């Protein structure tokens, strides 16, 4: 197929459930579940991605051609097959590049390497990481992989990585980090015979990833989802084969606690954290730090942290005992634009605004669409899909109704599919649907926010992926949740709820535009209203903030201390001090951390939750 043909993302069909919503990018996926919520292996077929015009020497790690070597069939990969390569088992790789050793070392994409990265084939890389030709052919067939990006080759063949060093990856959105996670988990399962945990921030992401990884069941790997209501604690022991646990942040913490309690933490050989930057966010950040700390102190495996929006990582590297690998490679260029008044500006490399053009908008339209959203998308949609990020739930619904009214969908071909979305929502929602949602869906647009239940979100996301819907009005959580790459992203005012947008949030949102497998450039347009222009300009030029520990909080530190005591990981006050000094909080401000520890410990004693005597701290017999 030619470069000009329509392309699909590697996860476009990940949670398809509707039976007749179809597009050139969709394939049917069997989505069966047992009564515990775990995915049952079934039909698994992912769409293929065509090569991009904008490539650097190699094709996309998600590309596939019709002539790709599928290798042996699934039936040929039997339990007697050798699933790991003797090459990697016997070789102890010690060469391969100028690694900055020590805590906080940084590896850039252009570091010298003893290997000629560009000359490495996909076969070479799979062999170096220990995966046999049969596994390689299996993965290529299931994922449509033909080539790797150069940065993927370089990272996957780092000797320190293969020796078990922890790494933090700073990557552009869409650069191909999912492939890295997949291959390292396969290696851990099949070569090192250990289980893995992959942590994603939102339920939608865990559901997508679980279905995507369910293909690995054919290799004897069990894939289990761990969300609020799903996943057995502690996990059942397998007699044969290894497991991948796909978990949300909080559920991963519970999972690790259960394994420690059962003296089974050594079963976990690899933890992958997707969205590592969230360790610095209020609320959930402390849970990430807590689970990583317990694994760092009491586990024996490897941690890979990945993020597109992480700032200075020196303190994070020290906390995680990790090296840093960064790449600014992006397979598809994204043009950043800003709308101020009637002017549309380009954002240049220095973060300055350069006038692109003046928008012609009638006074009549301005009266009902003061932000000018319709004028921005009328030349893009419905031919190309767009996500409109809105600061609040109410604004999502307002914009959805506005666009549906002023820019109604005209494709009669999609009418049946849109009616089907409405029917599914009605059927699973006691025959109720919001009137604005119904009007919007019929016009090809829907809203997506936390006020919707999981069924509504599922059908809307699926309809969008299949092309029945051309626009989504969404809150910021969609940027880090479901995999919904689009041609264009519009940010309706640089705010998240009542707060001005952080640079990390901004980058997450615009990262939805222009992903590998989609033709042409991506585009982001931020609508900046009166009073926000100066702050927005400052944000564009500002560096990403380093992650600040959320453990310097009474409630959060109390949770960690109780975990350590209840799991019998510490028994002495001095041990507790030493441990806490190794947290991210302790590294960033040890004096404050230890001072807070004293206050929290005393409070726990007063509440009869712990007993402290002669330097010994234990769980209280009163609780």
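We number each residue from 1, going along the chain as drawn.
Using the three backbone atoms N, Cα and C, a Cβ is placed for every residue, glycine included.
As annotated in TrEMBL, region 'Disordered' covers the listed stretch 1-47 rather than the other ranges in 1-47, 142-188. Per TrEMBL, the listed range annotated as region 'Disordered' is 86-113 (candidates: 86-113, 114-141). Summed and averaged per residue, pLDDT over the domain 'Helicase ATP-binding' (158-328) gives 96.
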